[in-house]
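K.L.:
Straight out of TrEMBL:
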- 145-252: domain 'Cadherin' (DOMAIN)
- 267-366: domain 'Cadherin' (DOMAIN)
- 367-473: domain 'Cadherin' (DOMAIN)
- 474-580: domain 'Cadherin' (DOMAIN)
- 726-830: domain 'Cadherin' (DOMAIN)
- 831-937: domain 'Cadherin' (DOMAIN)
- 938-1047: domain 'Cadherin' (DOMAIN)
- 1048-1153: domain 'Cadherin' (DOMAIN)
- 1154-1206: domain 'Cadherin' (DOMAIN)
- 1-32: signal peptide (SIGNAL)
Amino acid sequence: MDGLIRSLKAMIKALFVTTLIFSCCNAPLSEGSRHGDTFAFTKPTYKATVREKTARGVVESLDMMGMWLTSETKYAVYSVISGGQGIRASKKIVGNFVFLDLNTRFLNTNREVLIKAITADMKKEVFCTVFIQVLDINDFQPLFPERPYAVTIGEDTEIGTTIAHVQAIDSDRNSENTRFYYSFSDFTNIFAINPTTGAVTLTSLVSHETQSVHSLKIRATDRKAALSRSAQPKETTLTVTVRTANKHAPKINVHYTDFYTFSNVRDRSNADRLTYAILEINDPDSGRYGRTAMPRITKSDAGDAFQIQPSGNGNEYLLQFRQEPPSVNTVLNVTVEVSDRGYPPKISSAVIHVRLYDRQAFIPVFEENPFRFQVSEFSPPFTQVGFAQGRVKDTSKPHNVRYQIEAGNEEGVFAINENNSLITTTARLNRNAQSEYRLTLAVTNTNLVGGDATSRTTVVVSIEDANDKDPVFTENSYEARISEDVPKGTAVINLLADDNDFGKNGSVLYSLVDAAEMPFRIDPFNGTIFTTQLLDFDTMSKSIFNIRVRASDRGTPFSRRSESYVTVQVTNTNDNPPTFDKADCTVSVPVTAKNGITVLALDPVEIDRNDVVHCSILSGSRGMFTVDPATCTVRITRAFRSARVGTKVIMKIVASDGEFTSTPVAVNITVTPSTSAEHCRNTGALARLQQSLNSRILHSTQQKIEVNFNTTSELPNNFAPVVKRRDTFTHIEVAENVEVGTIVASVDASDADSGFNGMLWYTIISGNNEGCFTVKTQTGEILIARPLDRERTSEHSLRVRVSDLAAVAKETVVMLGFVVTDVNDNAPVFDSEVYSFELQENVPVGYSIERNIHAVDIDEGQNAQIRYSIPTSTADSKFAIHPVTGQLKVTGSLDRETIEQYRFNIIATDGSPNQPLSSSTTVAIRLADVNDNPPRFYRPRYRVRIAEDLPVGTVIFWLQAHDPDAGDNGIVRYSLTDGLTNRYDRKTMFSVDDRTGAIRLAAALDYRVQNRYNITARARDSKHLVTTCFVEVEILEVNRNLYPPYFLQRNLKIAVSEDAAIGTPIRTVSAIDDDEGGREKNVGYSIVDGTGLGVFTINENTGTITTLRTLDRETEQFYWLTIVGKDRAPYPLSDHMFVLVEVTDVNDNAPYTDKPVYYASVEENSPIGSPVITIIATDRDTGTGSNLTYRIINNRSYFTIDPKTGRQSH
């Protein structure tokens, strides 16, 4: 039993699994699952259009405006919330879509409309925005203003001048509807009008006498209306009045006055105003047209710094500075305008380039401030002090610079060369009187007008001390007394000599002359005399010394000196003890000698001579002898009577001057019987004293004093300077390019005197006007001080003075003649900056131009020989020049039309063999015309593209031919010779103005008749020389597509069976086009959008819709197609429609259960007929769901199923 049950369960399971596998595929999608059940518009915003002024306008959009059909949208209500005045919203259900339809009446402005959709139960609402553009229709014609146009032109108005503009207004909004053409109602070849801008142009010359007024009718035609033959052109009138020509504008001739160089440019009536230019105004017209107004300044780089004033001389006016011009180095542009009295006036203007100078660049400025020079006081008059030169910064023009001494030269000891600033002395200088001069120098540019053109500087001239003063003692002679007892080195006297020179020249040294034997010396620096040894009045040969003292300075080149005498008296002092002329005396005295008898005279000697000597016995006299105190005589006293023969007395006697005591003298006295005798040693003291006295007396009688002997300035100047080789100075050649500082000559002189009397000083005293030379004052060498210029001065004659430096100088003068030899330092100069000639262009080769080219070289000799040449890079090998004469010759064929003017350089080179110099000038040769050329068009072929609807009379092209000949030879006349008619009826389509070349449209064009013209145009000159060109005129087709195609139905519903084969035609749609024919009427079709895009296709020519793939209603029941019908015009127009394709059903689907596998269970003891499970099945085909039959295909009689309900039981 259990086995049976298990078998039943397995069978049931197998049954349901099998059914699942068989029925679980191809379940269809419901409409709700495709579109969803949401309540919403297909887009939040839509773009739509409506034609203006439509009584019942339908708003159209390429988008399907609305909602997909659902249970909610089916009953939705559309309404306008905002922006919808005059707009009504409604719905229309087509297939599975609920369309939003908008209708309006006379909508003229674009709108933004807010739409609301609400469900029937009003529980849901959604919004969308529709932007409605109102499409313009061509319902307006262009209109002119009511007032007609008028213009006045001069008969001298140039061809091609736009003389007026007319303007019409078309109130349509679409640019296609606002296009219109301007044209003249009546043909005229004098004027042309631009068909699109309304600019009226003069195409021929007008004459006041021939026709003074031209009345032109101008029409404005709507181009689009003209194509539809509904145009209603509007007209206006342009009146052109031709007045007599004011043919010439005034001419402004500017005559510049260089206010830098000419003082007469000042306005005498207003001295602070400078005239920069004189304006000469001329107008060749007659009458009022030839009269001019006051010139005026219209533009100025300097604001109102300038003014124009009448000059008082007819048509001349003065351009003046209102005030002192600024000191800037620049160019100011002043635009001056003048008009004549014509109507309208002709105006001319001229730009005057006012060249302002930086005054500081023209005011000379000294190179130094201050200048410092030194001049020796030895310098005689005409000595060169130096150059105090000023420089002018500007080098563009010559400057007249003048120098002067303004202050500091009150004594007139200096002079200045006003041309070159060389300062010289005019008198001898004395440093003691004035050691420094401070000169105020002024330099003036006398060319510069207006304001102060002077600079100043200080020149400091220091007088250099020269040794021209002798030292001079303060006294003619000096006396001094000195005691003999002074120590060695005692100052005896201080001497002073003054020297008025300075420095070493005034530094005095002292010395003693012939002082070798004198006990004195002198301090060389301070003049103090000192003793050189101890003095002894008593022993010296003299007591008075006459000392010769010399004072010498330390100057150069020689020392100056003077001498004086100093008398020194040595005074005696008591500085020696008395002495005796006798010493060691032995005396024999007879015993019989009486009292008072002299036995010995000692002769005391007093060396100092002024003192009294007293003698006395120092010892040993025993009272027998006495000595006379004054005479020093020894006498016998009374006591001698007691003496006996043989008695010996030894005495010592001294002499005293009261201060000093002499050395004792021994006197040995022996008493003899009868004889007397004496014997003493002679000391020589007395002899020496006598000799000294005699010597003093001798020296006092021989000495003679000369005061100030041998003073330098008093030395005799015996000889004058002598110049050697004078004959060599008369012709000295100096090259003009010799460098500054070069020695070019040397004056060799000598003076037989010595010292200062023989020292020479050289001075240039005349002939050095340009300051080119200077002389070394002590050597006589002549040097170059400034550059020479032979072309300025070829010879210089200098007078050189040679003088000695004695107190009373002697001098001689020598003449030096300098000849400046030429150096090639000047290039040739042409007599004209530009040589201008005029030649006929047909002159033959070899023709010589009459006027020669000429240049001058101010050098001399070979340096001045000039040769002419033309650089190989100029003149195009058409001209040559004779190298010596400068004559020009034509060497090649000339053609004015190829080159009208030749400008080339001529080079003039001098004949220097070493470094030749050259300069150049310009030759301008203008060729006069000969009529030898035909006119030439600028191009052989021209292409013109014009619209086919241009008005007749429109100028479509200007022929322009150029005749390179000049004047009447170049006047061109035009004509059309071929290609100007159409092929259809040979009508002439184009014409040309023979003078201006204006090609006009002579007849209406039609692109369909002929779309291209090849015109042959001819140009000829007065000699009937002819040239041709071709004008290819391409006609552009205009947009004749006036009406868009339209579908009669906006929405179309069609059906197709789902079993339709691919390519099955299901419907043909067609649009109607109201254009006349051609491409504008031929409509093509396309599918541009929709759910059926790619499922269906449409034949672009026939509009037949066919299937593109297999259909399946159960997959998709509805397809939407957006079909566009567009014409084939160049500017196509279109319309659209929405097509709903519904797929009809075919029974092509089997039923399927709602579950792939069913699982069921049953009680094993359940009664028969008990329900087990219910099977639910569906069929995707339409209408067959209720006809399904259920059965068990593998039943073993255990179960049964209801064939209609699918209920299974056992």
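Backbone N, Cα and C atoms are what each Cβ position is placed from, and that goes for glycine too.
Surface or core, plus neighbours and distances: that's what I need for these features.
P.N.:
In this model, the domain 'Cadherin' (145-252) carries an average pLDDT of 90.
Here the domain 'Cadherin' (267-366) is broken down by DSSP into helix, strand and coil counts: 8 helix, 54 strand, 38 coil.
Residue counts for the domain 'Cadherin' (831-937) under DSSP (helix as H, G, I; strand as E, B; rest coil) come to 7 helix, 43 strand, 57 coil.
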K.L.:
What are the helix, strand and coil residue counts for the domain 'Cadherin' (367-473) according to DSSP?
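P.N.:
Final tally across the stretch: 0 helix, 49 strand, 58 coil.
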K.L.:
With an 8 Å cut-off on Cβ pairs and a sequence gap of 6 or more, do the domain 'Cadherin' (267-366) and the domain 'Cadherin' (726-830) reach 3 or more such pairs?
P.N.:
no
K.L.:
With DSSP as the yardstick, break the domain 'Cadherin' (1048-1153) down into helix, strand and coil residue counts.
P.N.:
3 helix, 50 strand, 53 coil
